[in-house]
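Undergrad: This is the structure I want to talk about, given as structure tokens.
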Amino acid sequence: MAKKVILIILDGWGVAKPSSGNAITSAKTPNISAIEAKYPSLQIQASGRTVGLPWGNEGNSEVGHLALGSGRIIFHYLPRIVNSIQDGSFFENQTLKRISSHVKKNDSSIHFMGLASSGSVHSYIDHVYGLLEFAKRESIEKVYLHIFTDGKDSPPNEAAKFVYNLDHKLKTQNLGKISTVIGRIYSMDRSGDWGATQKTYDLLVNGRGTLVRDAVSYIKLSYENGITDPYIEPAVVNEDGKIEKSQLISDNDAVIFFNFREDSARQLTKVFLGHDFPYFERKSFNNLLFTTLVKYEDYIPESNVIFTPPDISNTISEVISNSGKKQVHIAETEKYAHATYFFNGMREKPFPGEERVLIPSFGAPHYEKYPEMGAIKITDEIVRCIPNFDFILVNFANADMLSHLGHFNAIIKGVEVIDECIGRILKARDESTAILITSDHGNAEQMIDAHTGITKTEHSLNPVPVYLIHKDFALKKTRYKSLYTEDIKGLLSDVAPTCLELMGLDIPDKMTGQSLLPVMIN
């Protein structure tokens, strides 16, 4: 049995039959093909209820890494908040009540800001409607919505129709007004591009953007100019053609950032709540109440958070730490939070004996020009770390990040780079090390919508692979059957117990997942 484990997460790498829209099977992957022929493999489920999401919802990197690291199904914020709206407890939330009192006392505005789309990875439209309903029940008069357009976890030209329907509901039910519009590339940057974040801040606070009378017409005009939803330039919306002070974030106002995905909300939140902020000049507000739907970072006071995170203990990282073994987590900027914070059960601080390696993401937001991203440097770090650590966690971001951009040839190139990197890792490993290769959710294997024939940039419902590479488990006969033809035999939450069994460590009772070794070996 192995004593050391390398867990490789191929972000956005699902399993599906070969097709013209499957960038993974369209790529040349000799190392993955050789692994599939020589070693045990199977498919595991990575979406819906199996990762704590509503039935039929695509998986994502947040819930995927949470399940992979915790070894259990965590009831996610999305259904948790929906349930609270349905049972009415949402409208009695003490933080929301405090926000209501604040704006009434100051006769000020309430601002709801976040991603508005059909996707459910970073936000959910039912949460927005719940907030709007809360404001209506509380008789809050000045209600403004600041929309971040999607196009990554939803079709790239969806915003015009989606915002039209949203605006129609706002007007017919007298729920509030759309104040600003901006693409997620600027408003939700997580790569350290503070210029993008400043562009968003200047829109929300200073009204710096194109002044338009109608959000939908502006978005449609952007389409005509070749600009898709992620890249929508900042605009201030006012049907009278003049900016009102109340529609921008000002003194005495209240703000609710309604995204529930932490990593992409951190930079913008830091502008408003961060104490040490060297990136650009920001306004000094008087009595601004800035709140978040969930807790994005540890420094945010719980009194400013509407839904606090669950307590998740006995993750694989904690178990390895308690055993006295050494571990390292390696990822590039785009997926660093997933390989650390989410994998560790929404814990920011490393465990004793845990080291972290951050490889800066290069080329954002146009990764299609640099499809290798940080994969080669990540592999350099893995090779360096193999002799010194008992457990190595690594995330390769290429397949997912490139798929969100929809450039098929770039995805193929990114997949091929990953395959080359896996070849290097195989050569560098020692005999005491087992390698588990898996994914957090599907994406690159389904780049064309089967119903419309249009390029698809959002995640898929497909299962993901698990490959087990170690000399003790090599197949006796070469396998020629493709993985996509096999039955699904596990869940993402089964991966952590599998790693612990390989390392000879006890699986804690809090892990509800089951080791995949008996299934894979037999």
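Every residue gets a Cβ built from N, Cα and C, even glycine.
Sharing the record's features from TrEMBL:
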ACT_SITE  SER61  active site, phosphoserine intermediate
BINDING   ASP11, SER61, ASP440, HIS441  Mn(2+) 2 binding site
BINDING   ASP400, HIS404, HIS459  Mn(2+) 1 binding site
DOMAIN    3-506  domain 'Metalloenzyme'
DOMAIN    81-297  domain 'BPG-independent PGAM N-terminal'
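Provide an account of the burial state, proximal residues and distances for the features listed.
TA: Counting only same-chain residues six or more apart in sequence, the Cβ atoms lying under 8 angstroms from the Cβ of SER61 (active site, phosphoserine intermediate) belong to ASP11, LYS335, HIS338, PHE342, ASP400, ASP440, HIS441.
According to its DSSP assignment, SER61 (active site, phosphoserine intermediate) is helical.
In three-state terms derived from DSSP, ASP400 (Mn(2+) 1 binding site) belongs to a helical segment. Counting every protein chain shown, 29 other Cβ atoms lie within 10 Å of the Cβ of ASP400 (Mn(2+) 1 binding site).
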Undergrad: Within 8 Å of the Cβ centre of ASP11, SER61, ASP440, HIS441, which other residues of the chain have their Cβ, at the recorded Mn(2+) 2 site?
TA: ILE9, GLY12, ALA46, GLY59, ASN60, GLY64, HIS65, LYS335, HIS338, ASP400, SER439, ASN443, HIS459
Undergrad: Using all protein chains shown, find which of the binding-site residues ASP11, ASP440 scores highest when you count other CB atoms within 10 A of its CB.
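TA: Neighbour-count leader: ASP440.
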